[in-house]
Amino acid sequence: MRILLVEDDRQMADYLYKALAESGAVVDQAANGREGLLLAASGDYDLLILDRMLPGLDGLGIVRTLRASGNQTPVLFLSALGEVDDRVEGLRAGGDDYLIKPFAFSELQARVEALLRRGSPDAPETRLRVADLEMDLLKREVSRAGKQILLQPREFRLLECLMRHAGQVVTRTMLLEQVWDYHFDPQTNVIDVHISRLRGKIDKEFDIQLLHTVRGAGYMLRAE
Amino acid sequence: MISQDPPSSPWGQLRTGAARILRSSTFRLALLYVLLLSVSVAILLGFIYWSTAGYMDRQTTATIQAEIRGLAEQYRRRGLGGLTALITERVARDPVGASVYLLVDSDLARVVGNLDRWPQEMPDADGWIRFRLREWGPARAEEHEARAQVFALRGGLRLLVGRDVRDLEATRALILDALTWGLAITAALALLGGWLMSAGLVRRLESINQTSREIMAGDLSRRIPLSGSGDDFDQLAASLNAMLDRIEQLMASVRQVSDNIAHDLRTPLTRLRNKLELLSAELPASGRAADLAEETIGDAEEMLATFNALLRIARIESGSRRAAFAAVDLTPLVQDVVELYEPLAADREQQILYTSSGLGRVFGDRDLLFQALANLVDNAIKYTPPGGAIAIGLETLPGAGARVEVADNGPGIPVELREQVFRRFFRADHSRSTPGSGLGLSLVQAVIQLHHGSIALADHQPGLRVILRLGSGRSAE
């Protein structure tokens with residue numbers, strides 16, 4: 001895994017470099033926009049992590065230039081600008097995800113992993129499978145070990161999100177964004193209750209637990 | 001801002017407006033002024049009346065006395081014969097004139113004169129008498145006022161010389177009438193003037209009052225409008241506005257300090273949290289150390305959540321998000337909130353009852369509105385005892401906008417605390433034991449204010465009812 005990190009804040013860059021390298025990625029660094037664009041255009045990276053505000057050329061400019069030249073490398077924006085518009089602007093410019101500073105490292109890790117393992121959008125899947133849990137996206141049906149499981153529409157979307165990221169940590173914020181489609185801070189961990197309901201439906205009658213809680217980070221669906 | 005129910009009808013509004021003017025000190029001053037003015041005008045007019053009527057009276061007296069002098073002269077020179085001859089001549093010369101003569105003998109039988117009988121009224125000490133004069137007009141008898149002096153002559157004869165004062169009386173009545181009307185009109189005009197003047201002053205004072213009330217309701221950005229005339233009211237308004245600017249500045253700087261603290265501590269706190277996470281990864285997956293690390297991470301997250309909420313409120317209050325406002329249908333949004341919180345309520349054996357009418361289209365920020373409603377429902381669930389019910393109602397308003405109500409069965413909020421709950425970090429005594437930062441309602445208020453909506457708290461007996469009103473137009477201001 002090769003990641004390009006473009007961040008002008010020295011401390012932040014060092015910290016991210018260490019953390020990403022620790023999780024096994026090869027990380028290249030650039031401290032300004034021009035250098036970042038040069039590296040991104042020439043190198044073969046799996047992921048670009050760009051700060052939005054950069055000296056020289058800002059993050060948005062880098063992504064626009066890359067996308068205009070046909071480069072489709074996934075981009076994760078880091079930004080201190082947290083308004084909805086800023087996020088929309090970042091995603092519209094061609095970014096794939098947007099993380100507001102300061103962030104928990106587990107959040108970054110989960111999002112990096114999700115971007116790195118993202119399937120190609122050209123071949124839409126019709127069936128998802130994790131161990132003996134199966135989801136038919138066309139018929140909107142879920143079964144485990146051949147036994148059909150009835151889910152509410154929202155539970156279906158929740159499970160779909162977890163299955164698409166099988167084996168990866170999915171944070172609560174990611175679930176709120178992707179399953180509920182709202183950017184907000186719940187005062188209570190409402191997501192936990194939904195997860196435990198879902199768990200009751202897909203895991204309760206089975207010996208092997210598929211839906212796991214990852215301490216301090218989020219949830220993960222995996223076949224042991 | 002806390003909204004109050006508007007007066008029931010335009011008529012009611014008018015009545016309270018009139019009552020306000022009647023109660024105003026300017027109007028009371030005006031009344032006093034009207035009273036003083038009326039008294040002075042009455043005195044002035046009284047004097048005019050007295051001098052004109054008195055003058056005419058004296059004229060009449062003088063005329064009568066001149067006649068008497070003439071008659072006395074004649075009587076002295078030519079005796080009774082001369083007197084009767086003169087009277088006869090004068091009566092003949094002026095048969096329907098204003099002069100009145102009567103000479104009677106001791107039996108009160110007429111000797112000569114143009115009166116048919118001696119008046120019954122008693123003369124005063126100077127011999128003046130006032131009596132009713134009956135005169136046969138063209139159609140019927142008319143009575144007039146007459147004034148005369150009576151004399152006793154030799155041989156039991158009595159003489160009466162006077163004048164018909166009907167013209168005088170008519171003039172006097174005319175003057176009195178004019179004066180009474182004059183006084184009444186003066187008083188009425190003064191009263192009207194006083195009313196208009198007080199209405200003007202009350203209106204200007206009311207604009208100051210209104211602004212003060214809005215400021216007390218939480219909108220510190222309001223200012224008292226100036227009329228532009230530079231008068232003393234404008235000067236007062238300008239001073240008050242300057243004072244408000246200063247207060248706002250001070251409050252902003254206090255808030256700025258807390259926002260800065262939140263902002264500056266957020267980064268190191270996140271770093272701390274991340275290091276704790278790295279540390280916990282080094283620890284054995286289970287055991288006391290891992291539990292402790294997780295708890296500590298939880299604590300750090302709680303602090304971060306508080307800081308984030310503070311900064312979020314600050315950002316919302318800055319109003320910058322208004323630029324991204326769009327039409328939002330509240331019905332699906334409220335349904336999503338209900339659906340998100342329904343399992344949490346079910347876990348606490350609570351029921352969420354949801355009713356809606358219409359689309360509930362408003363103009364605003366979808367994520368912030370969701371946040372605000374989520375906070376309200378979150379609170380409702382937190383404070384409702386197990387087995388209770390939470391009622392969420394959405395009503396599309398006929399004009400524009402929507403009304404959302406979230407009602408719970410919790411302990412409610414006492415009336416005297418209802419203003420305070422919107423303050424940052426405010427927590428009612430009974431809620432100290434429940435988790436939360438004390439920022440939830442502040443955030444709701446910030447969101448609603450950003451939308452130019454209103455938030456009101458009411459009793460649900462038992463419990464709390466939160467009523468939100470949101471507008472649908474760009475010009476919700």
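Cβ coordinates come from backbone N, Cα and C, glycine included.
Caution: TrEMBL annotation is automatic and unverified by curators.
The following features are taken from TrEMBL:
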type: DOMAIN; residues: A:2-116; note: domain 'Response regulatory'
type: MOD_RES; residues: A:ASP51; note: 4-aspartylphosphate
type: DNA_BIND; residues: A:125-223; note: DNA-binding region
type: DOMAIN; residues: A:125-223; note: domain 'OmpR/PhoB-type'
For A:ASP51 (4-aspartylphosphate), the same-chain residues 6+ apart in sequence with C-beta under 8 angstroms from its C-beta are A:VAL6, A:GLU7, A:ASP8, A:ASP9, A:MET12, A:GLY59, A:PHE77, A:LEU78, A:SER79
When pLDDT is averaged across the domain 'OmpR/PhoB-type' (A:125-223), the result is 90
Across the DNA-binding region (A:125-223), DSSP yields 34 helix, 25 strand, 40 coil
Taking DSSP helix as H, G and I and strand as E and B, the domain 'Response regulatory' (A:2-116) has 54 helix, 24 strand, 37 coil
